Amino acid sequence: MNKPLRIKHPMIKIINNSLNDLPAPTNISMWWNLGSLLGMCLMIQIVTGLFLTMHYTPNIEMAFSSVVHICRDVNNGWLIRTLHANGASMFFICMYLHVGRGIYYGSYMYMNTWMTGTIILFLVMATAFMGYVLPWGQMSFWGATVITNLLSAIPYIGTDIVQWVWGGFAVDNATLNRFYTFHFVLPFIVMAMVMIHLFFLHQTGSNNPIGLNSNIDKIPFHPYFTYKDMITFIILMMILIMLCLIDPYMLGDPDNFVPANPLVTPIHIQPEWYFLFAYAILRSIPNKLGGVIALVMSISILMIMPFYNKTKFRGNQFYPMNQIMFWIMVIVICLLTWIGKRPVEEPYIMTGQILTIIYFSYFLFNVHIAKMWDTLIKT
């Protein structure tokens, strides 16, 4: 009997087993589409970024002008640029939803997959931050100055590290050059990490909405889930294209339409909207080093979740109190994003501090509330 090429060919067989004939649980919901959406977002970012890099000049005298040139003179350059900028926002929306899904349904129990996913999140955040610096507008320059300056909080060696990162005594041409280099290289490292992430995921198989072993009830990924993924592909592309064609600069900062000027500080320095929750956590700690630690912890705290003692059920589906806590945390993250945009004055300072405490409390108390619920069920 002749086997099809996808099963015979050694190279195509690998792709086939991880995409076409992959056994997937029958009951996975739309929340499981986010992984493929993230893959699509990454491809959009790499392709649009590649075309942008053909026309961009990483020099402080010409960077701003080269971005203007892309938007005005390059064929469809305005579209490529807005797709790249707004594509990053879509990427982060999908990523935060993906992480939220993992927390809610207990996917963090797959330790290797969860850890590589958290590393990918860090890498993408670093890539996005460096990309924000490249247009060399006011917010690009001052954002880079403020965020890189946080490294000076490291005891003893902080100042030396900052000057090493800057390549001088201030954010200058050397900084822009190295940020451009890393912004170009990091997405390919992210791609490699995604391959490892998928490798670990396919070792265990996907989780599902009820958190039970689904080995007895699986179907091939194609055609069932490929068509299902296509629906969300189309929805995401429609949202992205509508955003780019109707209000392309809605999510940007007006200060970035002004070329970088080291002598004029913007009234309110802030990062892109998808970093505002972490920025609010940073600002809510009065001490500089404490703020930096809280900033890093706001993401790295995800890494403690696989070490939770196992509860009777996987995920929050069967824990009403944990569901309430989860949705409170979602609201808290939205409020922190809002606080990050506000000036540093009362009542925003106190509000930010209270929200920061609630945010970290979720990760500390979540497992204990679930254990308490287990005890109630037992009795």
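Numbering starts at 1 and runs along the chain as displayed.
Each residue, glycine too, has its Cβ placed from N, Cα and C.
These figures come from a predicted structure and were not determined experimentally.
Marked as heme b b562 binding site by Swiss-Prot: His84, His183. Summarising the annotation, Swiss-Prot assigns heme b b566 binding site to His98, His197. Look at Swiss-Prot and you will find His202 tagged as ubiquinone binding site, backed by similarity to another entry. Feature annotation from Swiss-Prot assigns transmembrane segment to 34-54, 78-99, 114-134, 179-199, 227-247, 289-309, 321-341, 348-368.
Location within the structure of each feature annotated in Swiss-Prot.
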residue : record                   : DSSP class
His84   : heme b b562 binding site : helix
His98   : heme b b566 binding site : helix
His183  : heme b b562 binding site : helix
His197  : heme b b566 binding site : helix
His202  : ubiquinone binding site  : helix
Nearest of the binding-site residues (His98, His197, His202) to His183 (heme b b562 binding site), judged by Cα-Cα distance: His197
For the transmembrane segment (321-341), distant same-chain residues with Cβ under 8 A (at least six beyond the ends): 96, 100, 103-104, 270-271, 273, 275-281, 283-284, 348, 351-352, 355-356, 358-359, 362, 365-366, 369-370, 372-373
Sparsest-packed among the binding-site residues, when each Cβ's other Cβ atoms within 10 Å are tallied, from His98, His183, His202: His202
Ranked first among 34-54, 114-134, 179-199, 227-247, 348-368 for CB pairs under 8 angstroms with the transmembrane segment (289-309): 114-134
Leading stretch by Cβ pairs under 8 Å, where the reference is the transmembrane segment (34-54) and the options are 78-99, 179-199, 227-247, 348-368: 78-99
Spatial separation of His98 (heme b b566 binding site) from His84 (heme b b562 binding site) - C-alpha basis, Å: 20
Neighbourhood of His197 (heme b b566 binding site) by C-beta distance under 8 A, where only residues 6 or more apart in the same chain count: Thr113, Thr116, Gly117, Ile120
The residue listed as 'ubiquinone binding site' and His98 (heme b b566 binding site), Cα-Cα, nearest whole angstrom: 17
